[in-house]
Amino acid sequence: MAMATSKCQAFLLMALAAAVLISTASGTLQYGFYSSSCPKAEEAVRNATVKIIAANPTMGAALVRLFFHDCFVKGCDASILLDQSNSNPQPEKLAIPLRGYDAVNTIKSAVESICPGVVSCADILAYAARDSAMVSGGFTFNMPGGRRDGIVSDLNNIFGNLPAPNMQVQQLVSSFAAKGLTAGDLVALSGAHSFGETHCSFVTPRLYPTLDTAMNTSFGVALQNVCPQSGNGGTVLDNNMVTDPNKLSNQYYGNVIAGKVMFTSDQTLTSDATTAKMVQDNAANAVAWMARFAGAMVKMGGIEVLTGTQGEIRKVCGATNSGS
């Protein structure tokens, strides 16, 4: 379930991560934000997350993906979690089929049972994504809190904000730069494609009418067998067919180098000298990648956050407190 690391590696990871976190954490967020108002908040999130992933190992990737989508669209304000309502007739969740909403609701209920109305859904999602890395990747890091929940969710905000799987490297770099993230953050966070699920519809553009020349031939033929050109595109695939689909690891980077990745947005990382070198570095050193991933997750968690008296602390994650 968790990646095996030696005590020496674990110590090095924490040292590297600490250095990265200090320099990248948003000044508007605080580590241990709930130490007084809800001292067991992060423990409750962790315990619930561990239990959820133990019951369904695919949920680790689902929670990380939810966090990514939330932060890239209107910032990390839990807008991705809002259900359809009179005030939000076209919420973000209607645009892209994502998993994990029930899991977040379960985690929120666990926290509400000890500290009602204190911990935001935005923070719960950030902590759950962090704890998913612990369970599925074998490493952990500090995540600051203090985010508040937004009251608006509109699927139209997705367009132009979320990077697409068919993007080329410079488009990806620009997309991340627009959110205050670097090319290094892009490459580090791309390692999340080592686990999780996707659908044939996102992969077939690289398979037909002819196989993408950047794709390993045997890998591509195997994908063609699973995703026939005449198929409906709905077949579920592991994000990376040559790895444990529920393990977050740096093996992804070796797969990129070998041409054994599904998306153009993955393979294109080798088409630029700068990002190609980052791919090689992450493939060669698992512990260094973990620290880079940790730092990038924290930076991403600070995108356009609501703090102080902005937004609200939702009672339930799928609806605003007004209920409308």
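Yeah, the Cβs are placed from backbone N, Cα and C, and that goes for glycine too.
TrEMBL has this to say about the protein:
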| type | residues | note |
| --- | --- | --- |
| BINDING | PRO163 | substrate binding site |
| BINDING | HIS193 | heme b binding site |
| DISULFID | CYS38-CYS115 | disulfide bond |
| DISULFID | CYS71-CYS76 | disulfide bond |
| DISULFID | CYS121-CYS317 | disulfide bond |
| DISULFID | CYS200-CYS227 | disulfide bond |
| DOMAIN | 28-321 | domain 'Plant heme peroxidase family profile' |
| SIGNAL | 1-27 | signal peptide |
| SITE | ARG65 | site 'Transition state stabilizer' |
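Distribution of TrEMBL features across the structure.
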residue : record                             : Cβ contacts under 8 Å, 6 or more apart
CYS38   : disulfide bond                     : VAL111, ILE114, CYS115, VAL118, VAL119
ARG65   : site 'Transition state stabilizer' : LEU98, ARG99, GLY100, ALA192, GLY196
CYS71   : disulfide bond                     : LYS179, MET300, GLY301, ILE303, GLU304
CYS76   : disulfide bond                     : PHE67, ASP70, ALA122, LEU125, ALA126, ARG147, MET300, GLY301, GLY302, ILE303, GLU304, VAL305
CYS121  : disulfide bond                     : ALA78, LEU81, VAL104, LYS108, ASP149, ARG314, CYS317
PRO163  : substrate binding site             : PHE72, GLN171, LEU172, SER175, PHE176, SER265
HIS193  : heme b binding site                : ASN239, ASN240, TYR252, VAL261, MET262, PHE263, ASP266
CYS200  : disulfide bond                     : VAL226, CYS227, GLY231, GLY233, GLY234, THR235, LEU237
Using the structure shown, find which entry in CYS115, CYS227, CYS317 (the disulfide-bonded residues) has the sparsest Cβ neighbourhood within 10 Å.
-> CYS115
Integer mean pLDDT for the domain 'Plant heme peroxidase family profile' (28-321) = 95
